[in-house]
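Q: Reproduced below are the annotations present in Swiss-Prot:
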BINDING   HIS29, ARG55, GLU345  substrate binding site
BINDING   ASP222, GLU248, GLU276  Mg(2+) binding site
SITE      ASP298  site 'Increases basicity of active site His'
ACT_SITE  HIS325  active site, proton acceptor
SITE      GLU345  site 'Transition state stabilizer'
Amino acid sequence: MTLPKIKHVRAWFIGGATAEQGAGGGDYHDQGANHWIDDHIATPMSKYKQYEQSRQSFGINVLGTLIVEVEADNGQTGFAVSTAGEMGCFIVEKHLNRFIEGKCVSDIKLIHDQMLNATLYYAGSGGLVMNTISCVDLALWDLFGKVVGLPVYKLLGGAVRDEIQFYATGARPDLAQEMGFIGGKMPTHWGPHDGDAGIRKDVAMVADMREKCGPDFWLMLDCWMSQDVNYATKLAHACAPYNLKWIEECLPPQQYEGYRELKRQAPAGMMVTSGEHHGTLQSFRTLSETGIDIMQPDVGWCGGLTTLVEIAAIAKARGQLVVPHGSSVYSHHAVITFTNTPFSEFLMTSPDCATLRPQFDPILLGEPVPERGRIHKSVLDKPGFGVELNRDCNLKRPYQH
């Protein structure tokens, strides 16, 4: 079989600081007013009073959505979305394009390695540049799947289970339980600057949800890098009577020794998890060595599907789970092939968590949502990632080459 070559790569953005606010899409933080995701949630910036109430107040939504499309010389296209916005467009159109155009559609690993090495001098340990590389990588997998007529999960070797079961992340685990999810993960609202009073308030929230959801429904806390080891340890032990399943991302990503100590001090049976803001394969190797229970890479931020597969192998070798952070179809096609991913995350993007809204709405067409907390593998049986780009969105292409 003669495979086509890549003829063009294009990059658009929606939302972010230089466009309309509240656009949603690949930057799921970019929501409108009165949304739970922008309510009083603990962050590393919460210690500053003027940035305590809203995450958008310190600029969590300034990047916006990056959309990368790759076109083969036979006219077929693949695309993907992530969080990088207008700056990601510059990186794609003015730097990464040289490693993409002219390559065979199957040269995904070669392109990936060249992008990583060519950006080492300004990529650091992840962030915007890695988000952009991830988006390109996902677009390449989408194109390859569409060219050969197979869903991405079959390109990875096929499913190891018939369906994916999900827990829901949002402010209302009780509503998630009614929808059939296996668990609910809530954001914490207080941090070390609030002292023991902050711990009492978050524990009261957990206790209230435990009473509403009963003894067996999973409850978890997402701390979003807002704590230190001492505070996180006290919070974990205070939540232990309420059967908290895990405590997540308590510390900034570089604090590996802190994660090691937190795992050592955590209550027996309570898992310690992290990873969504780690941005390189090497950082996940170091994170794995801390002994945490679950690694949680975001496939749109960690280097793409190519890196996610490698991270899963690191975790598997240590007997750890890998449960990616959100990412909808881009995670679905990966985790259904991983033997160490028994469940996955669904991020509730409806403002009040009362309805199921696709995570990347409105930028993806055909994006599936769980039914009774599950997605069957047959739902994924479309070429590539099985979704299409919504070109009715206000796509902006600020750079060309």
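Any Cβ shown, glycine's included, is placed from N, Cα and C.
Note that the coordinates shown come from a computational prediction; the quantities given were computed from them, not determined experimentally.
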Q: For ARG55 (substrate binding site), which of the listed recorded positions (ASP222, GLU248, ASP298, HIS325) have their CA atom within 10 A of its CA?
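A: Within 10 Å of ARG55 (substrate binding site): none of them.
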Q: Are there any residues at least 6 positions away along the chain from GLU248 (Mg(2+) binding site) with a Cβ closer than 8 Å to its Cβ? List them or say none.
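A: Expected: LYS185, MET220, LEU221, ASP222, CYS223, THR273, SER274, GLN296.
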Q: Quick one: which residues besides ASP222, GLU248, GLU276 have a Cβ within 8 Å of the Mg(2+) site's Cβ centroid, in sequence order?
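A: Going along the sequence, the neighbours come out as THR169, LYS185, CYS223, TRP224, GLU249, THR273, SER274, GLN296, HIS325.
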Q: Under DSSP, is ASP222 (Mg(2+) binding site) helix, strand or coil?
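A: Reduced to three states, the DSSP call for ASP222 (Mg(2+) binding site) is strand.
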Q: Restricting to the same chain and to sequence separations of six or more, state which residues have a Cβ under 8 Å from that of ASP298 (site 'Increases basicity of active site His').
A: GLU276, HIS277, PRO324, HIS325, GLY326, SER327
Q: Using a Cβ-Cβ cut-off under 8 angstroms and a sequence gap of six or more, which residues of the chain neighbour HIS29 (substrate binding site)?
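A: Same-chain residues close to HIS29 (substrate binding site) (Cβ under 8 Å, separated by 6 or more) are ILE37, ASP38, ARG55, GLN56, ILE60, ASN61, THR83.
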Q: Specify the secondary structure state of GLU248 (Mg(2+) binding site) as given by DSSP, simplified to three classes.
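A: The residue in question, GLU248 (Mg(2+) binding site), is strand (DSSP, three-state).
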